[in-house]
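Here the structure comes first, spelled out in structure tokens, and everything after it is commentary.
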Ligand SMILES: Cc1cc2nc3c(=O)[nH]c(=O)nc-3n(C[C@H](O)[C@H](O)[C@H](O)COP(=O)(O)O)c2cc1C
């Protein structure tokens, strides 16, 4: 059997994924607030035949971030709807929170995107790490990790019932008898769960993909459980080839145990890339970004991504032991910080934070296109990945380099498509269209 084609997803982030990106790119610093910035990235990824572009969501930002990084956290579905108009094939994946959205309204927003894009929508299911979201949404408290994941599974079931509320062939358009849609082909959802309640059909027919593609990035035990049950594309943030193989093997075993075909659960680890004509050039570019990185940002960000408010901590004191010594389910990001605190007893937070990587990925590749292509093939052959979520350290620059110099190598090796053969994100991923239940 030949090796399946790789899948690529382009992570869109202001000026690039590296925290220093905005300081090295020559563009107007406010350019990231306009549609042309997003359109150029999406069109470049589409020129490279990527499966999808991806927009993250952070529902509330800690104010320290405004000092260090461009802040452009628009509503992802609004941005992707605009991108639907300037692209034709590429998938459009946006993040939505199961802790702060309501299943019916989220189902409606993503199904709208699926209609407007002709079947290219995907939903990255997140439970939202930052507790600051609670205040923004008028909630008294941010739910704990275990509670958030318990609600998440039920949320997906509820949203699915909404997407399935019209049969695919419900619109009959019978002008003669005056029947636009056949009422008998509606399946009114009546969902009454432990956490979510809804009744009522979607206010428009079933979308081209039936259901948007379900994406998940949870790395903890409950996160992986959710992904194994529902995800049709999985993001991961492995530290090494070995940990990537381990994650994908365990996830696929869990998916099989849940009665699913693991071949329909592609895993796309997050990979930050910096490319150069020579290895030395790429390493120099990566070093310049690293040299500009701010130690102040580092400790604050380590707390924020662990779900803690940096304003409540002293960077010159150790991380309070009650945080990391107790039992209980915490996010994998928090676990990374707590592990570093345990391994460096008494060390000030500033120093502990140096052992923690801040973003979605933990891997920064710097080298030539040939070296990157070789690494990608090695990871696929080892069972570590079905493709990658490519995070250009600077954007659109590193994405453009990837499309122009890495994609052709993978195509010559017969490991990546040379044209789109379908029009929907499900088609790109080789996923079937789900029947309305
Ligand atoms: C590529 C990638 C993208 C992610 N995007 C988001 C996002 O947009 N919003 C968010 O709240 N979390 C995001 N996350 C975090 C995950 O949803 C998840 O919380 C994290 O990986 C920790 O896993 P856990 O929740 O199971 O501990 C992302 C993670 C990865 C690897």
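Our numbering is plain: 1 for the first residue shown, then up by one each step along the chain.
Note: Cβ is positioned from N, Cα and C throughout, glycine not excepted.
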Binding-site annotation, TrEMBL, FMN: partner of 95, 145, 149, 220 in 57, 182, 184, 261: 57
Those binding-site residues in 57, 95, 149, 220 whose CB falls under 6 A of ligand 1, listed in sequence order: 57, 95, 220
Where residue 57 (FMN binding site) falls in three-state DSSP terms: coil
Cβ neighbour count (within 10 Å, all chains shown) around residue 149 (FMN binding site): 22
Under 8 Å by Cβ from residue 95 (FMN binding site), counting only residues of that chain that are 6 or more apart: 55, 56, 57, 76, 123, 124, 126
Neighbour tally for residue 57 (FMN binding site), based on other Cβ positions within 10 Å of its Cβ: 17
Neighbour count (Cβ, 10 Å) for residue 220 (FMN binding site): 19
